[in-house]
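K.L.:
Before we start, here is the structure in question, set down as structure tokens.
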Amino acid sequence: MSLEIVILAAGQGTRMRSALPKVLHPVAGNSMLGHVIHSARQLDPQRIHVVIGHGADVVRERLAADDLNFVLQDKQLGTGHATAQAVPFITADTVLILYGDVPLIEVETLQRLLKHVVPGQMGLLTVELDDPTGYGRIVRNADGKVAAIVEHKDASEAQRAITEGNTGILAVPANKLADWMSRLSNNNAQGEYYLTDVIEMAVSDGLLVATEQPHDPMEVQGANDRKQLAELERHYQLREGRRLMAQGVTLRDPARFDVRGEVSVGRDVLIDINVILEGRVIIEDDVVIGPNCVIKDSTLRKGAVIKANSHIDGAVMGEGSDAGPFARLRPGTVMGARAHVGNFVELKNAKMGDDAKAGHLAYLGDAVIGARSNIGAGAITCNYDGANKYQTTIGEDVFIGSNNSLIAPVTIGDGSNTAAGSTINQDVDKSQLAVARARQRNIDGWKRPVKIKKT
């Protein structure tokens, strides 16, 4: 069975009160439409058609990809009209219709739905709701089979009492969809072309409308305003928290934890409160992450420890290494096994060897630091001359004294020491002591200046 997917994403979202198209509003660091596209791709379709309207150029620019065919709906005349715009481009046997503002739909739910597309049958995703206000109602016949969908505004009082709602997500034979689109009418309270009308057409044509339901009603929840967007965000985060806990992670408080990307985890990981994981994050066994940390596009090897209020971005922390509190690792940083970065230390594009240490108050940019070397408090690699950046190379077993300025490009040989307060702008050979500071003078009879009174 060949598959193509149509995602309806043309709505304006006036209740968002935003210049940003509704489907581009973020949930967990990705746009709502981005989440839907991600789920769609996991179904391995031939092609994905995205129907766009309001803010079409912005949507196309943000999400352009080779497997996406953007189809313009000039006038927003309903979901049926939107779907019809994509029909001429469809060549597959089966079509799955999704919505760009329904980001939490699970791939497993869609796989179950697609299994219903067999000869003489189509699939419809419905949902049982305590309060179905606003949803189209699933009308069934005396045999319990789906007969039609009636939109809320067109429903009678008896029909509004039905608690089974239409999600709008359906899977249909492509040839049937093309026929149904040509027969749609806008003779209804809204004056729009409803996609839901195809259900009655399918029944009339003798097709069985088989239904599936999501395991969680929030899977099919859309967002029309900021409140609903926040509800989706919180539900997504709790869902991700449950997934990670099932894989061996202890979350101190799942309600105070955010995932904004893709995270893979090992066992016996401990994550404290107010931790944010962004982008692609790999966390191996026995990692401990303290409170109030942000970790982005990074790898944390087995047993790594991140202490409170640290920011890790584009870095690799080696096995048994630790950083923080208040540490910052910037892109390109690699810490070796058991390396230590303490409070108020910043590394950028720096390589630290095994057991190397920078305990506090240091900036190490564009640097290579050998194994077992120690960086004193207040040490800085002066890597930028206003136009270009240069590397500082520190060998193994080096001791860099406190308050050192290392003016790159410069190399400090293995086993060397630099004295506190030094400004090092020349290479230091192996096992040397470098002292580069003015000689102290003690001046007798010196008088402290007296403050001049203002007139």
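Cβ coordinates are placed from backbone N, Cα and C, and glycine is handled just like the others.
Got these off Swiss-Prot a minute ago, pasting:
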ACT_SITE  HIS360  active site, proton acceptor
BINDING   8-11, LYS22, GLN73, 78-79, 99-101, GLY136, GLU151, ASN166, ASN224, ARG330, LYS348, TYR363, ASN374  UDP-N-acetyl-alpha-D-glucosamine binding site
BINDING   ASP101, ASN224  Mg(2+) binding site
BINDING   ALA377, ASN383, TYR384, SER402, ALA420, ARG437  acetyl-CoA binding site
REGION    1-226  region 'Pyrophosphorylase'
REGION    227-247  region 'Linker'
REGION    248-455  region 'N-acetyltransferase'
K.L.:
Taking 10 A as the limit, how many CB atoms besides its own sit near the CB of GLY78 (UDP-N-acetyl-alpha-D-glucosamine binding site)?
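P.N.:
The answer is 21 other Cβ atoms.
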K.L.:
Would you measure the largest Cα separation among ALA377, ASN383, TYR384, SER402, ALA420, ARG437 for the acetyl-CoA site and round it to whole Å?
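P.N.:
Max span of the acetyl-CoA binding residues, Cα based, is 22 Å.
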K.L.:
Whole-number Å only: compute the distance from the Cα of GLU151 (UDP-N-acetyl-alpha-D-glucosamine binding site) to the Cα of ALA377 (acetyl-CoA binding site).
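P.N.:
Taking the Cα atoms only, GLU151 (UDP-N-acetyl-alpha-D-glucosamine binding site) lies 69 Å from ALA377 (acetyl-CoA binding site).
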K.L.:
Reported as an integer number of Å, what is the Cα distance between ALA420 (acetyl-CoA binding site) and ASN224 (Mg(2+) binding site)?
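P.N.:
Here the two Cα atoms lie 61 Å apart.
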K.L.:
Counting by DSSP secondary structure, give me helix, strand and coil numbers for the region 'Linker' (227-247).
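P.N.:
Secondary-structure breakdown of the region 'Linker' (227-247): 20 helix, 0 strand, 1 coil.
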K.L.:
For ASP101 (Mg(2+) binding site) and GLY78 (UDP-N-acetyl-alpha-D-glucosamine binding site), determine the Cα separation and express it in whole Å.
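P.N.:
It is 15 Å, counting Cα to Cα.
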K.L.:
Non-local Cβ contacts of TYR384 (acetyl-CoA binding site) (under 8 Å, 6 or more apart, same chain)?
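P.N.:
Once residues fewer than 6 apart are set aside, TYR384 (acetyl-CoA binding site) is near GLY365, TYR390.
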K.L.:
By CA distance, which of the recorded positions (ASN224, HIS360, ASN383, SER402, ARG437) lies nearest to GLY78 (UDP-N-acetyl-alpha-D-glucosamine binding site)?
P.N.:
ASN224
K.L.:
Can you tell me how far the Cα of ASN224 (Mg(2+) binding site) sits from the Cα of GLY11 (UDP-N-acetyl-alpha-D-glucosamine binding site), in Å?
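P.N.:
Cα-Cα distance, ASN224 (Mg(2+) binding site) to GLY11 (UDP-N-acetyl-alpha-D-glucosamine binding site): 10 Å.
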K.L.:
Considering only the recorded positions LEU8, GLY100, HIS360, which residue has the minimal Cα-Cα separation from ALA377 (acetyl-CoA binding site)?
P.N.:
HIS360
K.L.:
For the C-alpha pair, I'd like the distance in angstrom between ARG437 (acetyl-CoA binding site) and GLY100 (UDP-N-acetyl-alpha-D-glucosamine binding site), rounded off.
P.N.:
64
K.L.:
Quick one: among the binding-site residues ASN224, ASN374, ASN383, SER402, which has the most Cβ atoms sitting within 10 Å of its own Cβ?
P.N.:
ASN383
